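What follows is one structure encoded as structure tokens, with my remarks underneath.
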């Protein structure tokens, strides 16, 4: 397989992992935290944090690296408007994801403390879950737009 096709395959697979596991992880986390069962919520939060580090972080690093290499190999202008829009949207998604990871870790720790018998601030837990949920939407929408930009490559 020629380098361009191999790199494009890696790029497509990593975008699928980034988007697909992002949605799957978010659904799993949300259902766990909404279950009303602190043990299920803790399991979901703990597993979500691990999955984000394994899948989302890895794909999130591969995406720009393979993308910049594809731009170079394909001879695209790296400052074409559709690419500049892609960079900006990707950075916005990253800016949403970083606090989401921190929130997931905080939520996980709160559920762990709860299971250990500690009293936790239920209002703080609810705010953190709500903030986590809200921050997920711009990241999700941004990645949908990036997919469109990659396919359409508008002038």
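Note: Cβ is positioned from N, Cα and C throughout, glycine not excepted.
Taken from TrEMBL as is:
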TRANSMEM  12-31  transmembrane segment
TRANSMEM  82-105  transmembrane segment
TRANSMEM  132-151  transmembrane segment
Residues of the parent chain within Cβ reach of the transmembrane segment (132-151), under 8 Å, 6 or more residues beyond its termini: 15, 18-19, 22-23, 26, 29-30, 82-83, 85-86, 89-90, 92-93, 96-97, 99-100, 103-104, 107
Within-chain partners of the transmembrane segment (12-31) [C-beta distance under 8 Å, separation at least 6 from its ends]: 44-45, 47-48, 51-52, 55-56, 58-60, 62-63, 66, 104, 132-133, 136, 139-140, 143, 147, 150
Long-range neighbours of the transmembrane segment (82-105), counting only residues six or more past its ends (CB under 8 A): 29, 45, 48-49, 52, 56, 60, 63-64, 67, 71, 76, 128-129, 131-132, 135-136, 138-139, 142-143, 145-146, 149-150, 152-155
